[in-house]
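Structure record follows, encoded as structure tokens.
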Amino acid sequence: DRQTLVAVLQFLRRSNLRESEEILRREARLLGDDLGGGSAAAVASSSPGVAAVAAVPPGKGTKCGVSFVFGGSTVKERSASPCLCVPCQLTVYQEDEVGGGVVVEDQPDVSAVLSAYNQQGDPTLYEEYYSGLKHFIECSLDCHRAELSQLFYPLFVHMYLELVYNQHESEAKSFFERFHGDQECYYQDDLRVLSSLTKKEHMKGNETMLDFRTSKFVLRISRDSYQLLKRHLQEKQNNQIWNIVQEHLYIDIFDGMPRSKQQIDAMVGSLAGEAKREANKAKVFFGLLKEPEFDVPLDDEDEEGENEEGKPKKKKPKKDSVGSKSKKQDPNAPPQNRIPLPELKDSDKLDKVMNMKEAARRVRLGPECLPSICFYTFLNAYQGLTAVDITDDSSMIVGGFADSTVRVWSVTPKKLRSVKTAADLSLIDKESDDVLERIMDEKTASELKILYGHSGPVYGTSFSPDRNYLLSCSEDGTVRLWSLQTFTCLVGYKGHNYPVWDTQFSPYGYYFVSGGHDRVARLWATDHYQPLRIFAGHLADVTCTRFHPNSNYIATGSADRTVRLWDVLNGNCVRIFTGHKGPIHSLAFSPNGRFLATGATDGRVLLWDIGHGLMVGELKGHTDTIYALRFSRDGEILASGSMDNTVRLWDAVKAFEDLETDDFTTATGHINLPENSQDLLLGTYMTKSTPVVHLHFTRRNLLLAAGAYSSQ
């Protein structure tokens with residue numbers, strides 16, 4: 001190991017990185033007597049100053065960069081010439097007081113990624129190494145066992161891949177057979193993919209494999225458990241496992257009590273382990289924007305004239321609930337002009353007034369007063385219903401179908417009409433009061449309009465807040481914008497190369513988001529052909545997308561079993577939520593912007609505190625994928641709809657009260673979820689045989705649900 005250190009020092013000297021060489025030399029002197037036994041990484045780890053030396057192969061043509069971190073201060077150097085040698089990217093990090101190590105690395109390319117598996121031990125001993133570690137963990141104290149058991153899965157995968165890469169196929173097969181049954185049930189799908197990788201060639205183009213390699217698997221472990229593991233591996237001279245821990249895992253160490261099995265189980269399960277605690281530290285402006293103030297004296301007087309029987313008295317509470325006249329700015333709200341939002345048109349103001357009138361008649365929901373539920377069943381939907389949306393004022397419903405059509409229905413007695421032809425429009429008196437009525441062509445009036453244009457199943461639909469436009473996204477890789485005045489396609493947005501799974505308009509209109517099989521979400525504006533932002537970071541398909549009520553953030557759920565929150569302003573990922581055990585298919589923000597509810601194929605609804613970046617609740621009850629989540633207009637009730645043909649109502653007020661979000665919880669992630677979520681369940685409503693694909697609360701808190709009857 002002296003040789004290794006000498007080699008590294010020589011390399012630093014050749015690269016003119018004198019300062020780094022000096023630092024390493026000083027540290028190496030501390031190592032003086034410890035240079036025997038163990039790998040360089042292990043030796044470095046035993047010194048107080050340096051925790052690990054990990055050589056990370058660079059991408060092609062990256063410049064040689066060395067970064068050292070000692071007790072939190074970073075020394076960075078860059079050499080001028082591009083360098084392609086393997087030890088070129090060297091990272092030394094120390095677990096500082098906060099916990100995690102600081103690792104500086106580039107995203108490597110495929111061959112570089114795989115070459116990390118070159119350093120191999122004796123293939124016949126892999127089973128022995130693994131079973132030795134397994135025995136050690138199973139025999140350790142209960143408090144450490146739960147934490148250290150998190151190592152089983154990532155080590156199993158990396159050891160298997162190492163064997164396959166180095167062409168020890170029979171040993172790899174036997175290793176897989178012997179230990180794959182020990183892994184947690186929620187990794188079964190990943191293991192199925194893994195079992196198909198039996199030859200080195202299979203690994204070259206495999207995405208799952210690359211994800212696992214490029215993103216370090218994150219484990220959150222208390223300092224005591226980590227010291228125990230380190231001591232064991234160094235005593236046993238178990239370099240093979242120690243190398244994998246150093247190379248491929250990111251251990252986020254915290255001081256304090258180890259977490260219990262329940263606490264760990266609640267948070268793990270995603271493709272790349274848990275989120276680093278650092279990932280959820282950024283400030284998020286989760287408050288609501290102040291509603292624009294506009295004078296509506298005429299309408300108010302009209303209303304008072306119309307409703308003489310004491311109606312005006314109701315106005316005081318209603319204005320607070322809409323928030324239009326609250327002068328005080330929410331301290332957690334983003335600055336009003338943080339992102340440019342479209343100005344209100346007269347029609348928008350009119351709609352807001354209508355909204356306020358409706359809100360005055362809104363039913364206050366709660367455990368004692370549950371909403372009525374109106375279910376729209378799509379009968380004989382042999383075209384295959386794949387998406388549903390309902391306008392904010394509940395006047396129209398749209399269905400996206402597998403036969404690539406988009407169908408819009410009016411659900412009020414008012415029929416859908418198109419604008420007249422240009423020749424007819426020229427004859428209209430533009431100054432007349434009812435000009436908006438006159439431009440509509442009565443001959444086109446019908447309850448249903450069918451929109452043709454996509455060339456594949458339509459997986460997502462979204463109405464604009466002003467009800468003038470409709471978005472649809474499809475397997476054909478495009479997002480289309482349709483006019484609801486003419487019922488024709490205005491724009492096809494081409495940016496995704498693969499199926500687009502979901503799209504949604506911003507609550508303020510103009511902006512919209514889409515997410516697809518290419519693992520990225522894109523932010524668009526209706527008047528731009530190109531996306532304004534590309535949100536990249538998920539390790540699998542982006543399956544669902546949602547705007548925060550203040551439009552400054554976007555939440556995305558993915559098949560990598562994580563939910564991410566992105567900042568629209570700069571494209572940064574500001575929250576990563578792990579805990580689901582299957583792909584995520586539904587997201588809903590609470591009306592006050594503080595909380596997020598997420599639903600997945602694991603049948604669980606998880607509740608998150610956005611400000612603190614913590615899981616605060618888990619609602620169990622559904623037995624199948626949850627495709628629809630919606631909070632009531634005032635946020636008292638959360639409705640969830642699932643493929644198990646039920647709608648369930650949950651007490652959101654109770655779920656979010658008395659939250660333990662003290663600094664300790666936030667710092668360590670020791671969350672304490674109530675054992676039983678049944679006391680939050682207010683009601684379960686079965687359909688005959690209709691999976692629920694969409695939920696919507698009307699402005700008066702009537703719950704609308706939709707789905708297609710399935711005859712199986």
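Just so you know, glycine gets a Cβ as well, placed from its N, Cα and C.
The compositional bias 'Acidic residues' feature in TrEMBL is assigned to 296-307. According to TrEMBL, the feature compositional bias 'Basic and acidic residues' maps to 319-330. TrEMBL lists 121-249 with the feature domain 'TFIID subunit TAF5 NTD2'. Annotation source TrEMBL lists region 'Disordered' at 296-347. Per TrEMBL, repeat 'WD' is recorded for 378-419, 451-486, 493-524, 535-576, 577-610, 619-651.
Comparison of 378-419, 535-576, 577-610 by number of C-beta pairs under 8 angstroms to the repeat 'WD' (451-486) places 378-419 first.
Below 8 angstroms of C-beta separation, residues 186, 266-270, 273-275, 284, 286-288, 332, 540-541, 543-550, 555-559, 561-565, 616-631, 633-635, 638, 640, 642, 644, 650, 652, 655-656, 659, 661 of the same chain, each at least six residues beyond the ends of the repeat 'WD' (577-610), sit close to that stretch. Restricting the average to the repeat 'WD' (619-651) gives a pLDDT of 94. Packing against the repeat 'WD' (535-576) from elsewhere in the chain are residues 211, 215, 269-272, 275-276, 279-280, 282, 284-289, 333-334, 338-339, 341, 501-508, 511, 513-517, 519-523, 582-589, 591-593, 596, 598, 600, 608, 610, 613: each is 6 or more residues past its ends and has a CB under 8 Å from a CB in it.
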